[in-house]
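**Student:** Mind looking over this structure? Questions follow.
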Amino acid sequence: MAAHNILLFGDQADAPIPMIRRIVEKSRYSKNLEYFLQSAVDNVQLEVAKLTPAERETVGSFQSVQDLITALTSKSDRHGIAQMVLVFIARIGELILHAESNPTLLSSSTPLLSLGICGGLLPAAAAAVATNVGELVEVASYMAGVNCRVAAMISRRSLQIEDNAGSWAFSVLGKLVMQLPTILDGFHNEQSIPRHRRAYIAISTPTWATVFGPPSVLKKLLETSAALSKSDITILPAFGAVHAGHLAAPEFEELVDESPLLNKSIKSGYKLLSGSKYAPFAGSSLRDLLPQIMLDIFQNSTNPSRLFEVGGSYLQKGKELSLYMLGATSYLVLLRRSLHAQGFDVALKTNAPILQASELRGGSGSVAIIGMSGQFPGASSVDEMWELLMQREELHKKIPSDRFNADDYLDETGRGFNAITTAYGCFLEHPGLFDHKMFNVSPREAMQMDPGQRLVMHAVYEALEDAGVANNGSVATDSKRIGTYIGDGSDDWRELQQPHGVDKYILQGTQRSFTPGRLNHHFKWEGATFCVDSACGSTASAVGLAYRALVNRDCDTAIAGGSNIIATPFWQSALSKGGFLSTTGGCKTFRGDADGYCRGEAIGVIVLKRLEDALYDNDNIISVIRSYARNHSADTVSITRPHVPAQERVYRRVLQKAGLEPNDISYVEMHGTGTTAGDSAELESVVNILAQKGERETPLVVGAIKANLGHSEAASGISSIMKAAIMFRKGVIPPQVGIPQKLGNFECLERGSVLIPGNPIPYTRQSIGKKRTMIVNNFDAAGGNSCFVLEEPPVPQIKAPDPRPYHVVTVSAHCPQSLERNEQLLRQFLLDNADISLADLAYTTTARRMHHSMRSAYSGNSIKAIVDGINRVLSKKKEAPTARKPPVVFAFTGQGAHYAGMGADLFRSSQAFRATITSLQRICESHGFPPFVQLISKSESPVEKATTVQIHLALIALEIALADLWKTWGIAPDLVIGHSIGEYAALYAAGVLSATDAMYIVGRRATLIQENCKEGTHGMLSISGTSDDVAAILSDERIMSSCEVACRNSPGMIVLSGEHEELLQIEGLLKDQQIKCRLLDVPYAMHSHQMDGIVEGLREAAQGVLFGTPRVKVISTLLGVEHTKFDSDYLVRHTRQAVNFEQAISHCTSHGLVDKTSLWLEIGPNPVSLGLIRSNTNVTSDRALHSLKNGDDNWKSISATLASFYKAGMSIQWREYHRDFANNLSLITLPKYAFDTRDFWMKYTEGQRHSEVQPISTCLHRLVKQEDTAKEQHATFTAEIGHPSLLKIIKGHKLSGITVCPAGVFSEMSLTAARYLLTNGSSKASFPSLSVLDTQIDHPIMPKADSKQTVQVEINRSKQSNEFFVSIADQAKPSVINSKCVVRLRDEHAFDLERRQMLEVIQPKIAKLTKAAAGGRANRFQGKLFYRLFANLMDYTGQYEGVQEAIVSSDFTEALATVQLPKAQSSGESWTLSPYWIDALTHLAGFLFNGNPMNSGDYVFIGIHMERMEIVAKDLSTDVTYQCYAFIEQSEGSDIYRGHVYILDGDLIVGFLEGARFRKMPRTTLHRILGKAEPVKNTKQVPHPTTNGSAIANGVNRNPSHNEPSTPPVANGVNGTNGDQSDRKSLYSVLVQQLIEETGMEESELTPSTFFVEIGVDSLMSISILAALKAETGTELNASFLMDYPTLEDAQRELRRLEGKDSVNSNDQSTMVNGKEKTRECNVVLMQGPSSSTSRKPVFLIADGAGSAAAYIHFPKLGQDLPVYAVESPWVNDPENFVCSFDEAAAMYLAAIRSKQPHGPYILGGWSAGGVFAYEVARLLLEAGERVLGLIIIDITGPRHEDRSKVESPTMEIIDQIGMLSGIERNFDDTTTQSRRLKQHMLSTVTCFSKMDPTPMSPGRHPDCTFVIWAKKDILPKAALDTLPAGLNAWFYPSSHDLGPNGWDALVGNKMEYFQIEGDHFSIMTAPEVTQLGKIIQEAIGKIS
């Protein structure tokens, strides 16, 4: 039957964007179309994922057709994939709309004529088998993927010919069409164009034709053809060759898979015409149709005029035809003209009417759980949690003391303040542990982070590893499509932090929204983030949101879960008072003795994907979420009371969504908290809906995890889901604790069929007789009910083994400790599981892991080989990681290395390698070359029978395929080099030659050799000797007269070419001289005169190919240097002249193209070139890598090389490496990542309650934690520095004018802590006798302005030891130890004996000194004078002053003092040993150093260590006068001195201090250590005491030595300056010190390779650190310094370089403003460039209205060696005081600029308000006679004269309304101090401007040029601008944004230039717009400098 309907599909060259936009708009009204658009994109995504990385990059990441349009418009679609797919989708979209409007259109009974050209045949094929819209959607979705494959194949075939930008086609109109064949033939002959590169006519009609060809050929054709230059030519959007019968046809089987849709039958009335046969395609199914269509697309040319003419014969005459134009097409005119000429009337059908279609089902609606991780009470993992469940463990215990002291709050009546009625809970073991370095968080910030946030980060990482998810590893793991859903219901940590004050990281650490935000930030995910608080339902709600987001396609992978950590008593008290909690212990779920719930802690995270994606991605599916529902108990009598009907409704809803019946549910994981009302209501609702008696074959099993682990509140939902999910894997239902013995009396159980298991029950599909499904309930106290249906995972398919025998196993970590531990864990796992699949192990550790900088890798063919490799690595020291990608060199092998089957293993098992080889074979066949594949693919191939052409082609094809393979795996070269013929493959790898051209030239070259050279007459002789041997040979005329050098391989290796007989004689001659040589088994003498006969033929062949510009460096082995211009002459010389490999390698090393880190990869069949490379360089074996090796399996070589690349820091594309074998591989579960953790826990303290608790002692206040085990004792104490009694002690002790905590306080804390443990805290127990040993003071403690400073004292003792180890640290920085010592139980008997012996030595010294004083030979000081002399360093209050009188030897080396111990001034003081007494009894030694008036006041002696202190505290009394004898000595040859003090009570030594070490240092160094700005100069002279004897000797002599550290430990562990050197510390040491201060890191953790970002240094911290460095050293660094030099090693190198120059000191001079001395200065921040430049004038940018230099931190580099300064407001830190006039403020900016550059010429500028200040500064400079080269004003209108009376007074609300605060709000949370400060400064600036009256510049005094830069977009919409307050906005927003002068011309004159930039006022200052802004400023500076 003839047709009267025509479908016109056009071709793929039509513009798709208008078509796509139309159907996207229409899809809002068509569910069929909406579903098709998503389904088509899904299929294309899957196909794109199969492309090579380079091909994928051209399409980019996409989730919709709109995203594909972006690829098209951004011009990244260089392969035409997006173009072809979009046109297809648009045409099918139009057909869907027409078919919805006319349902009979697709009916099998409707005759249809279908016409399409080229790619238009593909949508026509889909229509051929679709009988309705539903079928069309299904088939077309599949065909969208086929389109993608076709586009990729077109591109691949074309790129093998030419990889060059440009179009592959143009059209010609007019009479010239008939002459085209003649024109093309003439052009080809004239240009010697080889056949494969020729232009050809693909589509022709009588009036126009389309010519296709390589872009460079078409360009040359159009340039050289006079006829074409005069014709109407249109360049077409063609991305490759189609209709190209002269090219090798692709394997069409690769384009069509085994989809069942291919079996669909072609409709009987459907006629699809072939454009080459001009008849309907034959066949009965889509499978038959597609290969014919492919042939028409790829090979056959077509004539549309003839096609349309023939089409008319299939149409019904005499009836109006309906012509459906399915998307725009240029063929419409031609078709209509043809039809009209044949006498048809045509009705054109274009825009189909819209009908609302019925909704289609969108996918399965199921979501897979593919990974999980968690921590639970008593369990650090999910597996450990499961074991607890199986063992019936019930884990409640008393609240640990490290949370809070439960006894302080326990009150069973519940009436007390914050009282708790129960002290029980279920707790995690170590909630404070966190690997801060792993997540780039400084210790300081980590302490502020909620422990739930920290542990969730750990859990997410573990869950991702469990799931095998790495960013961008698959379509579903696109980082832009991963969302995070976290449930959190607690603010405990924020409440805990409040008494300690607000730190700058408290916001992001404790505000709950930062948990998902931090996860996305760290893992670089762009999906949505949600933090959910629905009380106990928080994590269930989070999982529910994640489920819905996946089903709704809002994301493709979701992370869901949350945490519950108990840190304060507040909620314990609230829940106690509310009657929720059990007073007797754990949750007694379903039990008769249930009395409330027991609070619990938990962390849980799951990873989710849509089920279809999980299956496609080869994931391990733990469970499937079939449906989810949530409702609210609206009708309950109380908000917290459960409601049975509401629960029943949520069950019905979730079953309906899942399509299940109640009997399908075999298990319910109940909410089951153990509250009577809750359990009863839940059981009743479950029985009513799911478990009525008589309606079930088997009882419904129920259980609840809370009976074991407590109610983890916000985390309870995720805990229940994880337990339920793992039951599918384990195949067991665990027993319920306390059942059946204590089962409660629930009435509903009598009428229900319910089983609560008391023992484990098998839970398999077989055990229950059907597929397992279960329900998980989660209810919350606020009335919400959540319910999930979980289903068992699909049964895994049995997989064939991986054909690769060798594999790579990798291990990586963020730090060395974690790496070693990960290796140990993996080794143990492999020893325990030796039977696992090596392939699965390799796949899991490579393709399914996130990889870090610290790496190890192992290759092998067995698990044992991997274990042996790990053992070898663990037995030796680790090497530092490679922080940066090393340079990669591809070295291509030359001839002679081939062998049969050289790529056989790869050819057999790697589809990608095989496809490249077969494709190259087809190309060669099209040129008439013989087949060569068997030389690569078959080991048994008779290689000796192969021709030279076959061997050369096989070698180059192998190398091209290997190069492509390595690139696909992520290994791309930075440099290529090829030996001899290998250079052709190198030129391909560099982009100089296309694959087709390379194969063509190599084939023609070999053919010419065969045709023109005689085999066997000539040969090649390889010679190996010393360099002297080679030199002698080359100078020997007997040798060189008959041959020539073919290859110079190394100083001792050459190859000679010549006639065979001559070479035999030379061989004999050399062997007689004991020189190694051998004749090579080659038939010709390459690179010799034998090649003369092929020169012209080769030149002619090469002239027809395109030589591109190298994309990577090419080292020519012809020229021996890097070369960039290649042509036919080069290839001729390359064939004829010698290979200069030696010089080429030498050039690489001498010109820095390679270094010791470079990786050399040989691309070829054997590692021949590597030997030559190593003989020319010192390349180590681990850097010389090969692809293949004769005798080794291909995969052995490749896996070993990949392992080396991985260890060297290369980013391997592991998914690509395993792609061909995905169906053979499975993800396996491996040991968890070994985090390198530190404890960041802080015990809760409550200010008011602390004052009520009696401190342990005056110096040691509270016990935080105590742990006693059989082997050891450990305790943690704290002391509040701000406590009045302790603060009084500290304030009485000043060091050089600065209050510093005395060492005696540290000793007292240590003694008290030890005493507490020994006496169990009893104040009545007798004092133990204790010694203090090895006291070290590393960091001073200085009280801060606030009173929240807390010291933490840690004490440990082994039960077998009598020694306690004590460390003292500021609790805010627990990693920085201030002091440490050992406290030892004293052996009284030994001590008595020792002090008697001591007395015998000391008494004669005392007597001698006393006699000297009596004879006037020693100094006698009374107490007051003693302390006046000591005031040189120490300033004591009276409580410390115990010395009554002192006798000091004349040389100040020994002294004797009488000491009266100070009496206590407060009855509340309590001690073990008073710090006042310790100091009074021992500071005599310090006096001998620092009280000596003859010592220079520039130096001081500081105590740093005390070896031993023995004081019998119980014997001391304030009523006794003691004698103290002291002497000092110098350590030999050092700045270290030692002091000793002995304390006597009559004839009894009651104590002594031995080995007190002091370091001599400059006083200025001490001031820097203590943070003192200026040293205190003593203006009062202390009178020299007169004596009857000789004058006091000179000060102690110093004798430098290198035995001791050069810096005292108090200097924060930073290596500083020696005392005899300059006072100035090194810049690097100050930087490290500031890093430690800001981040809280320990110095030992800072390694040279540490990245600043990894330890939490952000832009704000960076500015703070650099400001401190400037303050201490006077050196000013770029604000971007820590970004420019991102590691410590980088920074150290640059700082050392800078220290070779003069540093720039900040200006100290004052400035006069209005006659008054200015007390403020502007901070001038160096943003870019050197601090001084002799060649370039600096640029000064004045800060905007917010006052901060941070506005300019995103600026790109504005010029080479150009100093760029930002001038900050003087009021940036206290904007409230910014009340001066505009003129006064400008004068301050002027002074700051002149302090840096006293005289001009100047370059000034500023953004926003900074531009106005810059104007005024420029005016003032010009008035002073200075020259201003340029004034740069960024987006601010000229401050024109306005009627100020009209201007409203600025307020915060008004400036917010006009948009001035939006920039701050974009970057800062409004709650931060910084945000408020910046906003206040903005208001102060506007207020200042409101009073200004700008003065125009004087005539003749203008900048050389003024540049004004405008943002094109308004901050606010136009409508909003119209409503702004009158007047004020006029200064900032022009009345009409004309992007011109806008008032500036009235002030600066007419010499102005204007620029404009996309973006608004604020966005232009950040990426990406700031890049363009930087370019404009660079251009402006370039014009004036």
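Backbone N, Cα and C atoms are what each Cβ position is placed from, and that goes for glycine too.
Features from Swiss-Prot:
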ACT_SITE  CYS536  active site, for beta-ketoacyl synthase activity
ACT_SITE  HIS671  active site, for beta-ketoacyl synthase activity
ACT_SITE  HIS711  active site, for beta-ketoacyl synthase activity
ACT_SITE  SER980  active site, for acyl/malonyl transferase activity
DOMAIN    1261-1567  domain 'PKS/mFAS DH'
MOD_RES   SER1659  O-(pantetheine 4'-phosphoryl)serine
REGION    7-243  region 'N-terminal acylcarrier protein transacylase (SAT) domain'
REGION    889-1148  region 'Malonyl-CoA:ACP transacylase (MAT) domain'
REGION    1261-1392  region 'N-terminal hotdog fold'
REGION    1265-1566  region 'Product template (PT) domain'
REGION    1414-1567  region 'C-terminal hotdog fold'
REGION    1578-1622  region 'Disordered'
REGION    1719-1913  region 'Thioesterase (TE) domain'
**Student:** State, in range form, which of 7-243, 889-1148, 1261-1392, 1719-1913 has the highest count of Cβ pairs under 8 Å to the region 'C-terminal hotdog fold' (1414-1567).
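**Tutor:** The stretch with the most contacts is 1261-1392.
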**Student:** Work out the three-state DSSP category of the residue listed as 'active site, for acyl/malonyl transferase activity'.
**Tutor:** coil
**Student:** Using Cβ-Cβ distances, find the residues under 8 Å from SER980 (active site, for acyl/malonyl transferase activity) that belong to the same chain and are at least 6 apart in sequence, listing them in sequence order.
**Tutor:** GLY894, GLN895, CYS1047, MET1086, HIS1087, THR1117, VAL1139
**Student:** If you count Cβ atoms within 10 Å of the Cβ of HIS671 (active site, for beta-ketoacyl synthase activity), leaving out that atom itself, what do you get?
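**Tutor:** Around HIS671 (active site, for beta-ketoacyl synthase activity), other Cβ atoms within 10 Å: 31.
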**Student:** Give me the non-local Cβ neighbours of CYS536 (active site, for beta-ketoacyl synthase activity): same chain, 6+ apart in sequence, Cβ-Cβ under 8 Å, ordered along the sequence.
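**Tutor:** For CYS536 (active site, for beta-ketoacyl synthase activity), the qualifying residues are GLY489, HIS671, HIS711, GLU713, ALA714, SER716, GLY717, ASN778, PHE779, ASP780, ALA781.
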**Student:** Taking 10 A as the limit, how many CB atoms besides its own sit near the CB of HIS711 (active site, for beta-ketoacyl synthase activity)?
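**Tutor:** There are 33 of them.
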**Student:** Restricting to the region 'Malonyl-CoA:ACP transacylase (MAT) domain' (889-1148), report the mean pLDDT as a whole number.
**Tutor:** 93
**Student:** Please report the DSSP secondary structure of HIS711 (active site, for beta-ketoacyl synthase activity), reduced to three states.
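**Tutor:** DSSP call for HIS711 (active site, for beta-ketoacyl synthase activity): strand.
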